[in-house]
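What TrEMBL records for 13-394 is domain 'Cation/H+ exchanger transmembrane'. For 29-53, 89-109, 116-139, 159-178, 190-211, 231-259, 280-301, 307-331, 338-361, 367-384, the entry in TrEMBL reads transmembrane segment.
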Amino acid sequence: MLTVLLLAGALVAAWALFARVLGRWHVMGPLAMAIGGAAAGIFITDKVGFGLFLNSNAAERIAELVLALVLFVDATEVRLGAMKAVRGPVLRLLFIALPISMFLAWMFASVLLPDLSLAVTLAIACIIVPVDFSPVTSIVKDTSIPQRLRHILNLESGYNDGIITPLFLFALALAGDAKRGGPGASLGQAIPAFLIAVAVGLVVGVAYAVLANASGRRGWFSAQSMRIGLVAVPLLTYALAVTLHGNGFIAAFVAGTVFRMLRRTRELHEELSLAEDISIINNMVLWFVLGATVIFIGQVLETIWPTLLLAALALTVIRMGPVLLSLLGTALPGRERLLIATLGPRGTASVVFGVLAFNAIDDIDSAALVLAVTVFMLGGSVLLHSLGTQPLLRVLVPSAKRGIVLGRPLPRRKSPSPRALTGAWAQLPNLHLPR
């Protein structure tokens, strides 16, 4: 679709010129691209062709490669030192809150969309639950938020999509195999694919980290060549895993995790900068396409209120309830728990999962419902977290400019007494300054 490419490229180029100005108004790249995509949808005259493009093998492969790159980068951004400091809350979020959120999302999707199979509603749950801060990176970089909370949010975002990915792929396999063997056959395919993916990810991650360490000690690579290499590694890992009938997404995530653990350098962030930039560009194009699908959804669906309600529940009850429940009994103050529960943006993983589900589901009505939930949930998320985060912080972190961290005043320095000042002044003649 040359029209889509033309409009998306023009909008990315325009955004790059005014990114800082737009940032002051809390309009991040994904929000700008989604709004631009929705507006550009009016100029896409071939709506049927656009729908066929979304449902094509090319769109599916592009989405898969983008997700493989994103999962690798997310895994490499997880700092083990930060994990040790906030291990308890992070484990509660990943292994208590996340399963409860998945169950609630599955239940609400099944009730609100009763015509869909349980496999399709499970896929919807996998789409609307994972948290991703890539659309609003300013949140995890905002120093008005206590550092431990930023670590918790970053770690949750880095790991939850990797945890959900196997379940999402199982749901798609189950939806596709409903007439060809049912859950047993799908599970029989998913388990070997998972094991192959883990093995491939371990081998590639360990091998490249060891080779990079050895090459770095000898000065055999340049900064530029390593940046290029770390773009190729997740693509190589994905392709190798798929060739061996494994799961390419899980392989990319495992490779990134292992590489981060074994790579010995202080320049890792610089080495990953190119992969991050490419991931951001691809992410912005996906948000543009997502915005443009609003026109397509409007033509296909007769009733949209169930999908709108499910999207609203995903951003509120499905996220906040399980998080608050899982953090009960921790040392985190109440306002910090509420902040973690409220800050739950969705991002690239949900976009890619939505596109993959739209491609994998044969029934066009079911596929359109899945796409509608994805679009409405992501649109609401990017609006809510782009425009609502600062007011939320002013309420829950009222002290960002007054030297208070979530109600805990910083210790005040005592003013020196006159006697102490007199004694210090008397010692000045005895000081020996270096010549």
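Just so it is clear, glycine is given a Cβ too, placed from its N, Cα and C backbone atoms.
Please treat TrEMBL annotations as automatic predictions, because they have not gone through curation.
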Contact count check, CB pairs under 8 angstroms to the transmembrane segment (89-109), set 116-139, 280-301, 307-331; argmax is 307-331
Distant-in-sequence neighbours of the transmembrane segment (116-139), which means Cβ under 8 A and at least six residues beyond its ends: 23, 26, 28-31, 70, 98, 101-102, 105-106, 109-110, 145, 150, 153-154, 156-157, 160-161, 164, 167-168, 171-172, 174-175, 178, 279-280, 283, 287, 310-311, 314, 318-319, 343-350, 353-354, 357, 361, 366, 369-370, 373-374, 377, 381-382, 385-386, 389
Select the range from 280-301, 338-361, 367-384 that forms the most Cβ-Cβ pairs under 8 Å with the transmembrane segment (307-331). 367-384
For the transmembrane segment (338-361), the distant same-chain contacts (Cβ-Cβ under 8 Å, at least six residues beyond its ends) come to 30, 54-57, 59-60, 63-64, 66-67, 70-71, 89, 93, 120, 123-124, 126-128, 130-136, 139, 145, 149, 152-153, 161, 164-165, 168, 172, 175-176, 279, 283, 286-287, 290, 314-315, 319-320, 323-324, 327, 332, 367, 370-371, 373-375, 377-378, 381-382, 384-385, 389, 392-393, 396-397
